[in-house]
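**Student:** Take a look at what Swiss-Prot says about it:
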type     : residues       : note
DOMAIN   : 60-365         : domain 'AB hydrolase-1'
ACT_SITE : Ser165         : active site, nucleophile
BINDING  : Arg236, Asp360 : substrate binding site
ACT_SITE : Asp329         : active site
ACT_SITE : His359         : active site
Amino acid sequence: MSHDTTPPLPATGAWREGDPPGDRRWVELSEPLPLETGGELPGVRLAYETWGSLNEDRSNAVLVLHALTGDSHVVGPEGPGHPSPGWWEGIIGPGLALDTDRYFVVAPNVLGGCQGSTGPSSTAPDGRPWGSRFPRITIRDTVRAEFALLREFGIHSWAAVLGGSMGGMRALEWAATYPERVRRLLLLASPAASSAQQIAWAAPQLHAIRSDPYWHGGDYYDRPGPGPVTGMGIARRIAHITYRGATEFDERFGRNPQDGEDPMAGGRFAVESYLDHHAVKLARRFDAGSYVVLTQAMNTHDVGRGRGGVAQALRRVTARTMVAGVSSDFLYPLAQQQELADGIPGADEVRVIESASGHDGFLTEINQVSVLIKELLAQ
């Protein structure tokens, strides 16, 4: 008789106070953070990780910004405090694209995230989890919080800021909000403003989480029950379909059944098992509250808001800029990267990452992305 020894899913996969710090360090904002929608957020702190060393004149710092479900653990093994290995292995290290013999690399966990930075799962000043009380934030708010990293290290400007997807949104906001602080800019698979289709894809994901009976309006952290892992699992399945390419799905899975299962008898296709796997995997390292907060921030991303529109906002960017998209990305199609390259003064022509992996190509095509990073840093 077989017994399932798989541990149950946690109500949240967030890093919580008392967990091992791993390779994280923290920077605390000295004042409450003013928010774009009004009001302010007190007690903000950001978790971050670093690789390499600052040079004498502090001119070699590179900022790496993660996507929606990423965190500060860009490279490195899974272990205490880090529920998953690095999400961009092969990019940072001696002799690699971000050569730690030359550059000091900094990667924060985004404001609103769940791996050490202030977010819905973290402790508010009153000692309780923020939960539903966590305010609506924007991509611009996250960047204003990250400015504290410059002060923390005594850096005047970043040698480069780079990011993909939500990380690219943040990188663009860095260059538009603080143009004198960003010398080089790499934007991967990201837009100047979120499109109607991107917002539409996000809508059922948010509904899935909020419809989970264990969501409790966002206040589930210290309540009995499994937490909204079912709703977040549905959201992850929907999102993952948009992250990958149709050709990859056909070539990798086709119409094959999952091993030992028969779809004609109620079993799963292999591609369904793949989506189930990613839903469970995310639940062990991420948080539904952060999923909602950060998805809302991505929905409202618009670099032109309050700046006279996108075209005028892009003209604010003074960094040496490279823009790249993925050939098979239907979530953030190449036309959006073309808009960035056309609008940013001095930007190179759009670079195309050839991949069947869809939007996730900026994460999976390490060799191609490494070439782009090296080229940008050589300029």
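Sequential numbering from 1, following the chain as shown.
Each Cβ is built from the backbone N, Cα and C atoms, and glycine gets one as well.
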**Student:** Near Asp329 (active site), which recorded positions out of Ser165, Arg236, His359, Asp360 have their CA within 10 Å?
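**Tutor:** Hits: His359, Asp360.
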**Student:** Neighbour count first, Cβ atoms within 10 Å, every protein chain included; then name which of Asp329, Asp360 tops the list of recorded positions.
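**Tutor:** Ranked by Cβ atoms within 10 Å, first place goes to Asp329.
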**Student:** Arg236 (substrate binding site) to Ser165 (active site, nucleophile): how many Å between their Cα atoms?
**Tutor:** 16
**Student:** Taking the Cα atoms as reference points, how far is the residue listed as 'active site, nucleophile' from Asp360 (substrate binding site) in Å?
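**Tutor:** Distance between the two Cα atoms comes out at 9 Å.
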**Student:** For His359 (active site), what is the secondary structure by DSSP, using just helix, strand and coil?
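**Tutor:** Reduced to three states, the DSSP call for His359 (active site) is helix.
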**Student:** With every protein chain in view, what's the tally of Cβ atoms within 10 Å of the Cβ of His359 (active site), excluding that atom itself?
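**Tutor:** The answer is 26.
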